[in-house]
Amino acid sequence: MAPSPEGVTVVLGAQWGDEGKGKLVDILAAEADICARCAGGNNAGHTIVVRNDKGEKTSYAFNLLPSGLINPECTAFIGSGVVVHVPSLFNELDTLERKGLKVAGRLFVSDRAHLVMGFHQIVDGLKEVELGGSSIGTTRKGIGPAYSSKASRSGLRVHHLFDPTFPAKFRKLVEGRFKRYGHFEFDTEGEIEMYLAFAERLRPFIVDGPTFMHNAVNSGKRVLVEGANALMLDLDYGTYPFVTSSSTSIGGVVSGLGISPFAIKRVVGVIKAYTTRVGGGPFPTEDLATVGETLQEVGAEYGTVTGRRRRCGWLDLVVMKYSTMINGYTSLNLTKLDVLDGFDEIKVATGYKIDGVEVEGFPADLDRLAKVEVQYATLPGWKTDISNCKTYEEFPENAKAYIKFIEDYLGVKVQYVGVGPGRDQNVIIF
């Protein structure tokens, strides 16, 4: 199914990230006019593999740029809620163009997007060292410190690059970091010179962000929004403080792009058939024994950006119910179902108890969350290779039962099912 012809389609991560959003975005972007990023920075990441007419494969890595650029007819937009590390943006752009992807005239950046500077990245590392054993496990890309600058009203936005006061504002920001963290090695004047050079290269891409999106929506363009990270990493609704620094929920789409909530017609929640998490923080269904190791190995669970091993465990429907409540998914994309092919039995978390009392919702207090006793339902496995299934009817009955169990618990239909890493390994149910 294509993006909504009468509004905006949003793809959001429903767990702790790494659900496989990029693959669905890639598929939907084939029929989109505009693909937009609304939040986050180059801390997100996924790889798309494209096969040409000769059967040759080309791999494209996306971190900051919207992956809709794969479609030569699609325009990409980086919204006001994104934080942009300009050197990384052009490095990614140059890499894509060296692989034959023509981007000229198809990429636009909001003038209101905040900038990630080199000192933000240094500070990111210093903060992690300072936290020691309580570190959050960031990607050290400077995302958090850039959002901190934004929240404290001292950050620099894209349009500031063309302001004569940019060098003075930049120096003031660096001096503030020196006062906080001590004098670290940083070439302030060299960084200013580099950014002023980048500014001229960036100029053709810059637009008035809210006006760009308003015109797109009002002219009937098919808009696809590519969410970054996931709901459980949201600054307000995730497992705070083990979260990212932006709004990764449906609310972040509205504020990050400057669009009306009434423009959004479809919200697809992407949910992995089991659960993974990178870095520190609560993970009620984490399995540190055989199950977790099997999921990690079979699912090749290593972070796209950091290369870190992902923590693994059974699907947590308590998390998913909470995620669904906040984001209001109109349908689901269940990914990596094939990873469960080898299990005799599959467990699914259906509730939490603390001291024998059922917990309503998802606890905000991490001390309470650490005490939960996870309640599981056990479903029979299917012990069949489903990686070649092309239709829902081809799935084993127990795989269908697993999908239905999820649908019944959440009250949302599964629309897409991923059965392998390939673009063509995606079953569309409706």
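Note that Cβ sites are derived from N, Cα and C of the backbone, with glycine treated the same way.
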Looking at Swiss-Prot, which one out of Thr58, Thr165, Thr244, Thr294 binds IMP in the same site as Asp18, Glu19, Gly20, Lys21, Asn43, Ala44, Gly45, His46, Thr139, Arg153, Asn229, Arg308?
Thr244
Of all the binding-site residues here, Thr139, Asn229, which one's CB has the most other CB atoms within 10 A?
Asn229
Please report the Cα separation of Lys23 (GTP binding site) and Arg310 (substrate binding site) in Å, rounded to an integer.
19
Could you round the CA separation between Asp18 (IMP binding site) and Arg309 (substrate binding site) to a whole angstrom and send it over?
12
Minimum Cβ neighbour count within 10 Å among the binding-site residues Arg308, Arg310: which residue?
Arg308
In three-state terms from DSSP, label His46 (active site, proton donor) for me.
strand
If you draw a 10 Å sphere on the Cβ of Gly45 (IMP binding site), how many other Cβ atoms land inside?
19
Just give me the nearest neighbour of Val419 (GTP binding site) among the recorded positions His46, Thr139, Arg308, Arg309, Cα to Cα.
His46
